[in-house]
Amino acid sequence: MNREYLDAFLAESTENVEKLEDGCLELERQGPEANLVAELFRAAHTLKGMSATMGFSRLAELTHRVEDVFGLWRDHPESFQPEQVDILFQAIDRMRVHLEAISTSGSEPDLKDDDVMASLQTAFQAREPLHPSQKNGLEEDRARYATEAERQGKVAYRLHIQLTSDCMMPAVRLAMVYQTLKDAADIAAAEPTEDAVWAGDVQTTEAYVVVYLERDEIERIQEKVLDITDVARCDAERWVASRGSASQQDSRGKFASQETRSQSMSTTPAESAARPGSNDSRPDRSIRVSVRRMDALLNTMSEMVIAKTRLDTIAAASNDPALREAVERLDRLTKDLQDEVMQLRMAPVESVFHRYPRMMRDLERKLNREFDFVMTGLETEMDRIVLEEMGEVIVHLLRNAVDHGLEPPEVREQQGKSRRGTIRLSAYASGGHIYIEVADDGAGIDRARVLQSAITKGVITPEAGASMSDEAVYELLFQSGFSTAKEVSDISGRGVGLDAVRDKVESLGGKIRIDTELGRGTTFVIELPLTLAILPALLVSVRGQTFAIPTANVDEVVRLREADVRYVQNESVYPSGDRIVPIIDVAEWLGLGVRRWVFPQTAVVCRNGEQKFVMVVDRVLDELEIVNKPLGRYLEGVRGFSGATILGDGKVSLILDVRSIGQSA
Amino acid sequence: MVESYVIMRVGDQRYGAHVSQVQSVERLGEITPVPRTLSFIKGVIHLRGAVVPVIDLAERVGLTHRAQDADEMRVVIAEVEDRVVGMIVDGVEDVVQIPPETIEPPPAVVGGLQAVYLKGVARVGGGLLVLLNLNRVFSAAESEQLQQIEQFITS
């Protein structure tokens, strides 16, 4: 199968599955609100249609069943029961399994969905007998249809269609009738149902159809229906939304309908205000672009910036005011263009966060906690790649918050706290950084307990512990030997894998810290660079070659005097603050030359997580923003460089990988 | 059905690279050396906004350059299995059409190259053209590189 089509299908289907999932969460909260159910119905319908088109019949079948459920709720919201949503979640999970399999193998998995299908069947078929409009000409929902039609600025008619009693093929005739109606109006409800008629699954010669249409069309439609072979009668009854009185026949409806119209005029604005953008405002239209193309665009862009820099130099040396002016203008345009292009790499955090509510709902049940999960700042934008990498980290922190942060409801009550806790995930931008916070109002972290286990583990001495700042104590939780031990995580109420969390955050050039108050809760604050593609860096010179060091890894630059250097087992070290850190001579490490023993030396104090070390360079040239370019697969085995950048003069400069250099220290 | 090859000159040997693998031919510009890597990897260059590693094809195949006019030297940018690599050559001559049936299997060693790096040899204009198997040339380089890195670490 054409991979391009398949990718488009997968992307769109995944989006629809996400819509279904988000919508189902919403359903659980607010019940079968009409717009919501309609939206869910559409999502299921689209997914079904696409799957069928692509030939994924099992997925189509599964989605069809789900669509039916939304159809049922749309027509009979009173039949909704919150427990039923669980079954829908099962079905949604199964859709994901299908899509994943399709994504890897390109074809539909050999998967039996009988279990899910059966659950859907039992949960919803049990309600069929209660189906309120069986054989009563859809009378039950008269008021609702009328109101809904009015809301759409249309009129509701109930058509009663009778075929001749000797009709040979009632199913086919009814299908033709329905098709005619569908072409001319909106079918709101029908008996027999549309699906049954399309399936040819009817024997009756009688049908009721509720349609919404523009005011003057009813006669034309009746004529059209009557034109169909074997249609004996087509009676129309106009349904008007008027409180109390049951029906208004068409013949005497005029007066009453004006009255109802004025009523609806007064309700409409309030209604539309309550659902902003639900009707006419279309979502921002978008196109899909591959990351590869984006990178190509970014490349061309940086190429252009370099060309422009050269032009700047030429213009500056020239006396031609027209040239200078043109270059200045080009300067501004390039800047704008660059901002735009960078913006394209950004994605709202929502694109990753949207999957958390479902996860949190499941965790809440599994771990017997009670809490509200609140997400804020969903529109905050950050670099797509950073964001995707952060996805798992956030999952980890959220799990921790539910499992270790939040107390069970009974405990909370005993402590005089509200039974229901709150877990908050927020994102915001500030001062050139993106912040992501995971906060709970749970037990908080007990400094004494953390210290106690650190001392027991031999991580620190009791004396050292006593003088440690709170911050330094919480810092212990991120240490690998510390946090992976299970009993520690239980005692401290925190921990498993926090070292992995920090590693990930730092590999993205970010930082993480803990704010906590005993009994009040804990907040993990992650600070990330706006983008990975552009990062601030220090340019240093080593034996005539220029290298970049990301400033995220740099603590400070110091002048190293001979007296500052100590020796431990023949290795030179530097006392930095309260620590002794190793010295790495960059020239020597890179094999560019032997170490020079001329002082003072320029030393860059670097940090890689917990580890600190000093890199001796020849000179610091500059500090500036650089565009990070990958070295490519051919050089991926080379250690010591995390990428390269192109400087203003068009020359390539390698970015030193502080992590790998530090590991060899 | 004929296939097209770009003829690259290295010393007095001529090598062919399949056009489908050749992205472009560039003039030799400034190369930024990459320390701690194999000697035939000359470094990285700036190519239209991207950073591309370049290797010295002569050194790779065990030949030495004659004193060359830098003006004639070229970098042939090739892409093989997601790897984009530039090959420094003494010159690029032409694109030739070679019917596949005229390609002979490579002898064990040709022009300093082991057979695994070769696709075959073909007679072009009276001379012998060695057709490179770039997949092997590039990937073998990679494994050698890894070996060397291991030495680095253990030494």
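Along the chain as shown, the residues are counted starting at 1.
Cβ from N, Cα, C; glycine included.
Annotation source TrEMBL lists compositional bias 'Polar residues' at A:257-270.
What TrEMBL records for A:1-102 is domain 'HPt'.
The annotation domain 'Histidine kinase' is assigned in TrEMBL to A:323-532.
According to TrEMBL, the domain 'CheW-like' annotation covers A:534-665. For the domain 'CheW-like' (A:534-665), DSSP puts the residue distribution at 20 helix, 74 strand, 38 coil.
Within the same chain, the residues at least 6 positions away from A:HIS45 (phosphohistidine) whose Cβ sits under 8 Å from its Cβ are A:GLU67, listed in sequence order. The phosphohistidine annotation in TrEMBL covers A:HIS45.
As annotated by TrEMBL, region 'Disordered' applies to A:240-286.
DSSP classifies A:HIS45 (phosphohistidine) as helix under the three-state reduction. Helix first, then strand, then coil: DSSP counts for the domain 'HPt' (A:1-102) stand at 90 helix, 0 strand, 12 coil.
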